[in-house]
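This report refers to the structure that appears directly beneath it.
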Amino acid sequence: MKGNSLDLARRAYLLRIMGLGLGALAMAAVLWEGATAWWLWGLLLLHGFIWPHLAFLRTLLRRSALRAERQHLLADALLGAAWLPLIGFNALPSVLVWVLLAANLLVAGGPVLLAKAVAGQLLVVGAMLLAGVGHWQWQTSAFELLSCLPLLLCYPLLWALLSYLGADKPGNGELAIEGGPASIYPMSDWERLVELRFLQCQGDLAAASIILLDMSQARRRRGEQWSSTQMRQLANILALQMRGGDKLGLWGNKGLGLLLPGTRLDAAVVIAERIRQQLTELSRDQGQLGLCAGVAGFSPALRDHHGWLAQAELRLSKAKEAGRNRVVAA
């Protein structure tokens, strides 16, 4: 597992340990005040204190940490819903647990993932009620209210802290853009953004495209120092072309990658051609540049983001083989 995926797994692990641990405390207060069978205590122990470790191990073994965490969040939502009839739909713990689960689902997969989870939760609760499992006890006692406070206070603060520490910010190795409104992400951070966008597109079938840009031919012709200067020129041109949600990152050996959310393949090709033409016009006094671009749009047929990037890399290779100043999208 790559470093950025491992960081994601660790953040999810910490959140799940605290969320389910403190959530189990809130559930335990309700169970304590009722006539509770011993096996419910066993289930609470497994869910609150064993499941977080199993989920973390599964994430480590999966190729895509983001995909695994989305699956785990769906499992959290269904398991959390199963506790609602068992605690009699007690008002405060039921609402608190559901809202925190819903917030996590929205962050991970947007309204589509939340809708899937809510549908599953309704099925779980409905099946349990039809089977005669559960009861109704709406009132929340003072003891139960106090047991919910640790979850209410600590979990959002930990979530905010981890979100701040792991925010999508450029790393120390970014390439400076002179006067540009955008920053260049390190390669690992940019690939993580591509993976996240891929999973979001899988959920709502939205459009997105990738442009990989390479100046290796120019570097071989003019030297490393000249190429670095032109790289900054290219970065400034890209910054002027980028919209608010577009993400620019380093890719390969002195290459750049541009992630275009909400952009279909044909529109991405137009953007790539515009970038190529503007860079050529800017550098006429230095000779024609060897800028090549490979463009790939999101497709539901792709298995994961690695396949998406592989398509863009294949088309970039075709552009290099065809000659400098080429854009290939098929």
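Each Cβ is built from the backbone N, Cα and C atoms, and glycine gets one as well.
Annotated in TrEMBL:
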type	residues	note
DOMAIN	206-330	domain 'GGDEF'
TRANSMEM	12-32	transmembrane segment
TRANSMEM	38-61	transmembrane segment
TRANSMEM	73-101	transmembrane segment
TRANSMEM	113-133	transmembrane segment
TRANSMEM	145-165	transmembrane segment
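Ranked by number of Cβ pairs under 8 Å to the transmembrane segment (12-32), the listed stretches 38-61, 113-133, 145-165 are led by 38-61. Against the transmembrane segment (113-133), stretch 73-101 shows more Cβ pairs under 8 Å than any other of 38-61, 73-101, 145-165. Mean pLDDT, taken over the domain 'GGDEF' (206-330), works out to 79 on the 0 to 100 scale.
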